[in-house]
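Trainee: I'd like to ask some things about the structure below.
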Ligand SMILES: Nc1nc2c(ncn2[C@@H]2O[C@H](COP(=O)(O)OP(=O)(O)OP(=O)(O)O)[C@@H](O)[C@H]2O)c(=O)[nH]1
Ligand SMILES: [Mg+2]
């Protein structure tokens, strides 16, 4: 907790952003310990490292930074985005009153364009265990994601683990694809 942010060389750098209370730290706990713990609001960062043990991305290493969602902390987000290979933007799918705020915040993050061109942006529609939660497809429209480039959405629940067990494989495939696309573009320019 409260660590200084830095780029982890040799790792796919994943930055978790989103409003306070969206469930960012709960997702990190679920990924790290495979359990649900009552999280306390983050001050600074949580930082964990993972290595994919199986599947197409076997051996790929991920460094995950879970930021505080407080307004004071949001001012520093562009620093983290600059170093990000993957941005996970977490939304509380059951908190309809905050959807607009979440949309504006996501637009601010994306509009700043600080992240590298190969970066993958995934919205995690968290708290799918709650009956009031909007489905990822609904959130896709509500957050007006279709207007935004290179972005995908996935439903999940830190509480019961839904949508999180294969997240690193999924991220690896997206990241790999994104890097290859970038390489293709370079080849086309040279031709
Ligand atoms: N029902 C349900 N509750 C969740 C889920 N994920 C998180 N919560 C709850 O949501 C609240 C906020 O969770 P946190 O993980 O602390 O949220 P955060 O985004 O890290 O918040 P900040 O660190 O303040 O930015 C806690 O009470 C969690 O128990 C989920 O998938 N389902
Ligand atoms: Mg937190």
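Backbone N, Cα and C atoms are what each Cβ position is placed from, and that goes for glycine too.
Nobody curates TrEMBL annotations by hand; they come from automatic prediction.
Reproduced below are the annotations present in TrEMBL:
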- 18, 19, 20, 21, 22, 23, 24, 25, 69, 126, 127, 128, 129: GTP binding site (BINDING)
- 25, 42: Mg(2+) binding site (BINDING)
Trainee: What Cα-Cα separation, expressed in whole Å, is found between residue 20 (GTP binding site) and residue 42 (Mg(2+) binding site)?
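Mentor: Residue 20 (GTP binding site) and residue 42 (Mg(2+) binding site) have their Cα atoms 9 Å apart.
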Trainee: Could you give the Cα-Cα distance between residue 69 (GTP binding site) and residue 42 (Mg(2+) binding site), in whole Å?
Mentor: 8
Trainee: Tell me which residues of the chain lie with their Cβ under 8 angstroms from that of residue 24 (GTP binding site), as long as they are six or more apart in sequence?
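Mentor: Spatial neighbours, sequence-distant, of residue 24 (GTP binding site): 16, 17, 18, 42, 66, 67, 69, 88, 90.
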Trainee: Among the binding-site residues 18, 20, 22, 129, which have a Cβ atom lying under 6 Å from any atom of ligand 2?
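Mentor: Close enough to ligand 2 is none of the binding-site residues.
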Trainee: Considering the binding-site residues 18, 69, which residue's Cβ sits among the greatest number of other Cβ atoms within 10 Å?
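Mentor: Answer by Cβ density within 10 Å: 18.
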Trainee: For residue 42 (Mg(2+) binding site), what is the secondary structure state per DSSP, taken as helix, strand or coil?
Mentor: coil
